[in-house]
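*Asks:* My questions will all concern the structure given below.
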Amino acid sequence: MPSTIEAIYIILIAGELTIGIWGNGFIVLVNCIDWLKRRDVSLIDIILISLAISRICLLCVISLDGFFILLFPGTYDINVLESIMDAVWTFANNSSLWFTSCLSIFYLLKIANISHPFFFWLKLKINKVILAILLGSFLISLIISFPINGXWYHLFKVSHEENITWAFKVSTIPGAFKQLTLNLGAMVPFMLCLISFFLLLFSLVRHTKQIQLHATGLRDPSTEAHMRAIKAVIIFLLLLIVYYPVFLVMTSSTLIPQGKLVLMIGDIVTVIFPSSHSFILIMGNSKLREAFLKMLRFVKGFLRRRKPFGP
């Protein structure tokens, strides 16, 4: 019988999982249906589909990890299973962060106007550049995830065959290396989003000064596009600022022993990021927003028709 804290944890994690998978699944479904209808897919749709799929995987892994910790705490005594879970979790987490940074770079190249030859070349080659970044993000996530976790497990296994002193040294070094690699892997996408934000802000300030000189008004389409992109990147950065410290605590478990309560709180907080950001993406995309509002109207009408008549 779970305790009160464990029951609250189960309710929260199940609710977050349902909301997150539904939101990200909605993004995948709408874009795939549109893809089949038009027989074509846009670059932004590819980014959103990739991001949503990676987050669905991340949500499932985090939730599965939480239920193992809570209901089957002895599961991770099987080192192979722990290594597999670590690898899948690391891959889903890193791919989610990298795909989000790819979305920020897309906003930057699509909207910003910066008078530099290299930036101008990137804008001309935006499709190839973004697709290359997407593929690179996928490969980087694979490199960071599976080989590192596999090597760590191998060294951890070797450490148990020696004396206690040697075991501590061997198991701690790969654990520290793993933690450092995970942290750097999450930090690079954050820095790319931060750079995109400042370049978008610089482009907006410059554009605002230009339209003030020509007295054309401040709410032109380019300004609106700048503002929407900046808001999207700011929201992501704020969510990541909340997510990243918890991520550091969760990845330090190989060096610092953690209690069940800390791990449960960590799971709850880390699930908030991929769950909530999906709805921000839906409301920030005209096609997704229209489909979402249409679905809400359908559900509202269905519930109204199903409402029983009073006496």
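Every residue, even glycine, has its Cβ placed from backbone N, Cα and C.
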*Asks:* Membrane-wise, does Swiss-Prot list L36 and K300 under the same topological domain?
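*Replies:* Domain labels match for L36 and K300 in Swiss-Prot.
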*Asks:* According to Swiss-Prot, which residue among N94, N163 is annotated as N-linked glycosylation site?
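*Replies:* When Swiss-Prot is consulted, N-linked glycosylation site appears for N163.
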*Asks:* Ranking 10-32, 129-146, 261-283 by the number of C-beta pairs under 8 Å to the transmembrane segment (87-109), which range is first?
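*Replies:* Between the stretches 10-32, 129-146, 261-283, 129-146 has the largest tally.
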*Asks:* Are there residues at least six beyond either end of the topological domain 'Cytoplasmic' (284-311) with Cβ under 8 Å to its Cβ atoms? List them, or say none.
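*Replies:* Same-chain residues near the topological domain 'Cytoplasmic' (284-311) but 6 or more away: 26-27, 30-31, 34, 44, 48, 228, 231-232.
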*Asks:* Residues sitting near the topological domain 'Cytoplasmic' (110-128): Cβ under 8 Å, six or more positions beyond its termini, same chain?
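*Replies:* Sequence-distant neighbours of the topological domain 'Cytoplasmic' (110-128): 43, 199-200, 202-203, 206-207, 222, 225-226, 229.
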*Asks:* Per DSSP, what is the helix/strand/coil residue tally across the topological domain 'Cytoplasmic' (33-52)?
*Replies:* 16 helix, 0 strand, 4 coil
*Asks:* State the residues, same chain only, that lie 6 or more residues beyond the ends of the topological domain 'Cytoplasmic' (33-52) and have a CB under 8 A from a CB inside it; answer 'none' if no residue qualifies.
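*Replies:* For the topological domain 'Cytoplasmic' (33-52), the sequence-distant neighbours (Cβ-Cβ under 8 Å, at least 6 residues beyond its ends) are 24-25, 27, 95-96, 99-100, 102-103, 106, 126-127, 130-131, 134, 138, 278, 281, 285, 287-288.
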*Asks:* How many helix, strand and coil residues does the topological domain 'Cytoplasmic' (110-128) contain under DSSP?
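*Replies:* The topological domain 'Cytoplasmic' (110-128) comes out at 13 helix, 0 strand, 6 coil.
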